[in-house]
Ligand code: RVP
């Protein structure tokens, strides 16, 4: 039997090349996420229940990347998370949420909380605008009162076709935050909010769809409801679906890909995870638009410990990227990225994007609360194949929190962990993208494809690795 050598990020360095770059701004991080979808920075937030729901996905898209909403939610909840992203950040929200004047204030509060919005348009049975209620109208009001008792009736509106500049002027002149857009009969056609206008100005690099809405993806499994789930997610506006299975080089994954592509031929579809050239080839033949690579590489993953299987991440990406290149299908390096240096190595070895979990867990935008332990702040970050995540998923499926006996039979391939609280995703991504831009420069490249062409890896010894870390100093 022959042994193949498997290398990962800490085994290699990129050899510095001549560079004509004088400023990081001369580098371009635009890259392909999948066959027909490009993003502006090469980062994707992992479809994990402690990483990506709408808040993370919105922040990722604003920064130029994309987030994949995890699938341990009911179909309705997951589609709602997609909708929330789609409704944030576009200049005009189409089909804004509305309520009828006869509903109670309690109904409005529940609705606004469910949709995570701060106000509702009030319409009659023909969708004609008759008022608006905002947080201020609802706060401290008697919950049994009707909407018509508290709504503002004289609503400032604009006509369809109003420009961004005109909207800003109207919002400013009337000191309002929401501007409903109506047609000649007063029927609601959209909503422009000051928050969305500000977001647009603050995030010029945002990844957007053809309608100017943030890009977002969502994960589906390989069993049970995956076709129904795919349909709801696509209807909600998901730009890309991810078939998510630990062992993606399997009949289960391949038939799921074929079934989704058959039912929704225009759906942009990623599948994974795999770790070999043959795995990539088989998924590509099944019809995927990108392949997600990484078996056992994740920080919370114990697949290699429990099953003995996996491929060190750099070798896995290199092997799969050769096949991806032959077919024009992008590769996503998933798992094991701890630094911008790791991300640069993953991209240089052939990945078009990098999916990250632990680096984004522990931020304001990741689901979960901040915990304090020994005076330090943390957030939970756990594997999707951990016992805790599995209990969470089961409770969604059965609608109860009871722990079935068969959980004792569950063989976890992930661990529950904590990561330090890190502040906002925007700050993390600034460091990550800044590091990758410098990495491009060290490779004498202006773009990611150029870096892939120029890249020369050198294998290092343990001494070389030690020399690469801060050494012989006391860190402050
Ligand atoms: P990391 O960025 O190193 O934290 O890795 C994140 C990746 O780990 C995910 O995108 C996924 O591929 C993998 N993962 C998630 N859960 C588990 C598990 O329970 N084994 N693994």
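Going from the start of the chain as shown, residues are counted 1 onward.
Note that Cβ sites are derived from N, Cα and C of the backbone, with glycine treated the same way.
Predicted automatically and left uncurated, TrEMBL annotations should be read as such.
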Next on the checklist: The IMP site in TrEMBL lists 299, 334, 335, 336, 357, 358, 381, 382, 383, 384, 385. Which one of 251, 268, 281, 413 belongs there according to the record?
Outcome noted: 413
Checklist entry - What are the DSSP helix, strand and coil residue counts for the domain 'CBS' (151-207)? => result 19 helix, 15 strand, 23 coil
Item to check | Residue pair residue 244 (NAD(+) binding site), residue 298 (K(+) binding site) - Cα distance, angstrom, rounded | outcome: 14
Item to check | Cα-Cα distance linking residue 301 (K(+) binding site) and residue 294 (NAD(+) binding site), given in Å to the nearest integer | outcome: 10
Checklist entry - DSSP says what for the domain 'CBS' (92-150): how many helix, strand, coil residues? => result 19 helix, 18 strand, 22 coil
Checklist outcome for this item: Cα nearest residue 301 (K(+) binding site) among binding-site residues (245, 246, 357, 381, 385) -> 385
Item to check | Mean predicted confidence [pLDDT] for the domain 'CBS' (151-207) | outcome: 90
Checklist entry - ligand 1 is in the model; which of the binding-site residues 245, 298, 335, 383, 467 have a C-beta less than 6 angstroms from one of its atoms? => result 298, 335, 383
Checklist entry - Out of the binding-site residues listed (298, 299, 385, 468), which are within 10 Å of residue 246 (NAD(+) binding site), Cα to Cα? => result 385
